[in-house]
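Peer 1: The structure follows.
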Ligand SMILES: Nc1ncnc2c1ncn2[C@@H]1O[C@H](COP(=O)(O)OP(=O)(O)OP(=O)(O)O)[C@@H](O)[C@H]1O
Ligand SMILES: [Mg+2]
């Protein structure tokens, strides 16, 4: 009997396969990290072949740990790092270049060129996004303009583009041998090319970008059978039936299905998503308008999103680039050696600032330093940066929605950090709540796949699976909270205007 669903979570730092049972509990999992390639300052790449090989391997790990075979699996769901762009040859299956990762800022000159006519909000009313290096569209343009022969091959119809959901789906379903080239509405809504109302590619925008439509995947719903897994896979003939971008998947896994529900995920970056139901809401406060999910033929659900580029990756930076901790959890021990930040504020504008500022000219700054500050204070400042950035995004959500959020549902790798979660509640002034299954990203993809295949009946089935695990309540007094936020906002202004021609040409 097929009593389980597999979710493939193709993330920024690793690829996971997680097997869930009907109660939404994890039965087993496999995980492999892939190399982060930094060819130059501001450039971030992944090797798509490594990612695909890892995907195959983690599926094997998860199945064998639980002693299961394909006959036990009802469906496969895919979730993924969202704006990371892969371009490959459909005849050979070979990528023409490494995947250009969402954090990569090399396309700033392309953004400037496109924004010269109409500014960065040129297409915002149609696609929900400002022109920014973050989104996959400008990354495709870079590949077409900089990889030898790419433009000609693309014009001839030989190249395909996909975010990593499409890359994994195409390979899972046969690759050059009949692989399905599709994506879901949530991933499509991060390209700069999809019309939020019609959920189709905009020919006029593609023309401005110079991207041939033949490269683009077919836009499908988030929950339907896209195809079957190909014959050489351990999951042979299992239907692939769910795709959601990682942040939308986490929202779905948190059972935040209805208007006004939300979640905040603390991973490589932080992403707060606020469900606006069937209504497209345009932000006045620096949030993105994006797809929440679409189940088969049902109407799409939209969302507002506050994206923060650097949160958990700042902890990794402390570990990998400075070496003052050996593992991510050690940051909490170090932070606990002091009572406060000692006056230090760390604004990690490594990829510029995303929500709510959208300042690509910003770069990171550690300010407020005196001879007093030690590495414990810096560890605290690193953790606090995540909480302050979240506070600013929450302010934007409250302003856009006109209702103040009364608690924040959280998930992601950083929520294991109690010191951070307590400080987060203190700085927000509302409780922070963690569910039992913290792997909400994978769970959301499993839900989407299981709904399409009748493994789960309906959303009520899924709501029942959500259970509270822990809750942090605010303890900081209001005066201190206001003072901290004031200092943080001052620190943020110190990162502005850093990137100019001197920096760009260095
Ligand atoms: N105890 C901890 N304290 C602070 N940060 C932590 C802790 N444990 C993990 N992290 C951070 O959490 C992040 C990993 O979280 P998670 O696995 O949710 O990331 P992710 O963004 O989903 O990654 P991916 O994109 O690969 O899926 C890392 O950046 C790591 O530095
Ligand atoms: Mg993730």
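Glycine residues also receive a Cβ, built from the backbone N, Cα and C atoms like all the rest.
Unlike curated entries, TrEMBL annotations are predicted automatically.
Here the structure is a predicted model, which means the values were calculated and not measured.
Sharing the features that TrEMBL gives for it:
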type    : residues                       : note
BINDING : 12, 82, 83, 134, 246           : sn-glycerol 3-phosphate binding site
BINDING : 12, 13, 14, 268, 312, 316, 413 : ATP binding site
BINDING : 12, 16, 268, 312, 413, 417     : ADP binding site
BINDING : 82, 83, 134, 246, 247          : glycerol binding site
DOMAIN  : 4-253                          : domain 'Carbohydrate kinase FGGY N-terminal'
DOMAIN  : 264-452                        : domain 'Carbohydrate kinase FGGY C-terminal'
Peer 1: Do me a favour and check the Cα-Cα span between residue 312 (ATP binding site) and residue 83 (sn-glycerol 3-phosphate binding site); whole Å is fine.
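Peer 2: Counting only the Cα atoms, the answer is 18 Å.
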Peer 1: List the binding-site residues 12, 14, 246, 268, 417 whose Cβ sits under 6 Å from any atom of ligand 2, in sequence order.
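Peer 2: Passing the 6 Å Cβ check against ligand 2: 246.
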Peer 1: How many Å lie between the Cα of residue 268 (ATP binding site) and the Cα of residue 417 (ADP binding site)?
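Peer 2: Residue 268 (ATP binding site) and residue 417 (ADP binding site) have their Cα atoms 14 Å apart.
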Peer 1: When the Cα of residue 316 (ATP binding site) is compared with the Cα of each of the binding-site residues 16, 134, 246, 417, which one is closest?
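Peer 2: When the Cα distances are compared, 417 comes out closest.
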Peer 1: Where does residue 247 (glycerol binding site) sit in the DSSP three-state scheme?
Peer 2: helix
Peer 1: For each of 14, 247, 268, 316, 417, count the other CB atoms within 10 A of its CB; which of these binding-site residues has the top count?
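Peer 2: The most densely surrounded of these binding-site residues is 247.
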Peer 1: Between residue 82 (sn-glycerol 3-phosphate binding site) and residue 16 (ADP binding site), how many Å separate their Cα atoms?
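Peer 2: Between the alpha carbons of residue 82 (sn-glycerol 3-phosphate binding site) and residue 16 (ADP binding site) there are 15 Å.
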Peer 1: If you count, for each of the binding-site residues 16, 82, the other Cβ atoms lying within 10 Å of its Cβ, which residue has the minimum?
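Peer 2: Lowest Cβ count within 10 Å among the binding-site residues (16, 82) is 16.
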Peer 1: With an 8 Å cut-off on Cβ-Cβ distance and a minimum sequence separation of at least 6, pull the same-chain contacts of residue 12 (sn-glycerol 3-phosphate binding site), or say none.
Peer 2: 81, 84, 101, 102, 103, 267, 268
Peer 1: State the mean pLDDT for the domain 'Carbohydrate kinase FGGY N-terminal' (4-253).
Peer 2: 96
Peer 1: Compute all pairwise C-alpha distances among 12, 13, 14, 268, 312, 316, 413, the residues listed as binding ATP, and give the largest one in whole angstrom.
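Peer 2: Maximum Cα-Cα distance: 14 Å.
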Peer 1: Which binding-site residues of 16, 82, 83, 134, 247 contact ligand 1 in the sense of C-beta under 6 Å?
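Peer 2: Cβ under 6 Å from ligand 1: none.
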Peer 1: Can you grab the distance from residue 413 (ATP binding site) over to residue 247 (glycerol binding site)? Cα atoms, rounded to a whole Å.
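Peer 2: So the alpha carbons of residue 413 (ATP binding site) and residue 247 (glycerol binding site) sit roughly 13 Å from each other.
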